[in-house]
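K.L.:
Here it is: the structure, laid out below.
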Amino acid sequence: MFRTWIVCFCAGARVSTPLLCIMGPTASGKTDLAIGLAEALQGELISVDSALVYRGLDIGSAKPRYPHHLIDICDARDAYSAARFAEDARGAIEEIRSRGRRPILVGGTMLYYSALLQGFAAMPPADPDVRAEIAATAAKEGWPAVHRELARVDAEAAARIHPNHSQRLSRALEVYRLSGKTMTELHRQTRDSSSEQVLAVAIAPAERRVLHERIATRFAQMMAAGFLEEVRGLRERGDLHRDLPAIRAVGYRQLWAHLEGECSVEEAQELGVVATRQLAKRQFTWLRKWPDLQWIHTDDAGAVVDSDLALNDPDLVKITDPLNLLLNYLTYNPM
């Protein structure tokens, strides 16, 4: 069961002001809110987005120009895990606090938030030799055979991972071969941690229709800004393929399919919009389960319609600007 005090693994860090986490589905306005907070609170932003870590994924990821930690830290051919994010984020939090500034996390990759704030057990680092052995087995017998092998040692992980999801299958089996423990066992282990107070705020339109319209509009704007040319440039590098995490990002995989001749550009754009809306739906599912989450619901223009922050407070109820609402809440409720 979750508690009000959420655990964050910041070994050796001096715990001072609480972590501010600005969450929300894609196209919800969370980045603008976080930028306003950073400027008002002498803060620095830490990106919590699985696409923004990759260099070269700029237009399709709506990469912000405002400085963020953990943006452009990987090549598109690299894999970047939630566990690695947690380590990188802890380092960024400690560094920001060491300079007397306030860390503010912003993004919609909820698995990353979970890894940082709720904890993943330590996993062994990747081993190229073990991965090569697993890949050789898959080449000879197929990934379903690898899936059956995983099921024999870690039935729970095998139940979660589709037989065709080669990257996750390989990693789960690699963890077992390297550590002698299953990924399920390691996830259940606890680690030494320090209590970290967290204020998690989610912003989203009150009506799903508004979000869907924003998603379609933003995708069209990205296409006009050169999104297809960006994907074409990635494809023409020659060292990337569609099974890489970067290329599987929403929008990128649909335009890649168009460049492979599988659909028209119009179909790819429509599929990209549908996939982005599905992503938003998954993000809402995570958010509804998040402990002690403070919602800010907005209208078409971005004004506050209702908010958990303003409950039972007649002064806060009158505030319609999300940034002013959150800043006033922090003033009235110092943490």
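Residue 1 is the first one shown; counting continues down the chain.
Placed from the backbone N, Cα and C atoms, the Cβ positions cover glycine too.
Straight from TrEMBL, here's the annotation block:
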type	residues	note
BINDING	GLY24, PRO25, THR26, ALA27, SER28, GLY29, LYS30, THR31	ATP binding site
BINDING	THR26, ALA27, SER28, GLY29, LYS30, THR31	substrate binding site
REGION	49-52	region 'Interaction with substrate tRNA'
SITE	THR109	site 'Interaction with substrate tRNA'
SITE	ARG131	site 'Interaction with substrate tRNA'
REGION	167-171	region 'Interaction with substrate tRNA'
K.L.:
Report, as a single number, how many Cβ atoms besides its own are within 10 Å of the Cβ of THR31 (ATP binding site).
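P.N.:
Taking all protein chains shown, THR31 (ATP binding site) has 22 Cβ neighbours within 10 Å.
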K.L.:
For ALA27 (ATP binding site) and ARG131 (site 'Interaction with substrate tRNA'), what Cα-Cα distance in Å is obtained after rounding to a whole number?
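P.N.:
On Cα coordinates alone, these residues lie 37 Å apart.
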K.L.:
Using an 8 Å cut-off from the Cβ centroid of GLY24, PRO25, THR26, ALA27, SER28, GLY29, LYS30, THR31, can you name the remaining same-chain residues around the ATP site, in sequence order?
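P.N.:
Near the ATP site, the remaining chain residues are GLY108, ILE203, ALA204.
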K.L.:
Taking THR109 (site 'Interaction with substrate tRNA') as the reference, which of PRO25, SER28, GLY29, LYS30, THR31 (the binding-site residues) have a CA within 10 A of its CA?
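P.N.:
Cα filter at 10 Å returns PRO25.
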K.L.:
Roughly how many angstrom lie between the C-alpha atoms of GLY24 (ATP binding site) and ARG131 (site 'Interaction with substrate tRNA')?
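P.N.:
With the alpha carbons as reference points, the distance is 35 Å.
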K.L.:
Rounded to the nearest angstrom, how far is the Cα of ARG131 (site 'Interaction with substrate tRNA') from the Cα of THR26 (ATP binding site)?
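P.N.:
Cα of THR26 (ATP binding site) to Cα of ARG131 (site 'Interaction with substrate tRNA') measures 34 Å after rounding.
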K.L.:
GLY29 (ATP binding site) to ARG131 (site 'Interaction with substrate tRNA'): how many Å between their Cα atoms?
P.N.:
40
K.L.:
Let me know the most crowded of the recorded positions, choosing from LYS30, ARG131 and counting other Cβ atoms within 10 Å.
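P.N.:
That would be LYS30, with the highest Cβ count within 10 Å.
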K.L.:
Return the member of PRO25, LYS30, THR31 nearest to ARG131 (site 'Interaction with substrate tRNA') in space, with distance defined Cα to Cα and candidates limited to these binding-site residues.
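P.N.:
Of all the candidates listed, PRO25 is nearest in space.
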K.L.:
Across the region 'Interaction with substrate tRNA' (167-171), what does the pLDDT come to on average, as a whole number?
P.N.:
87
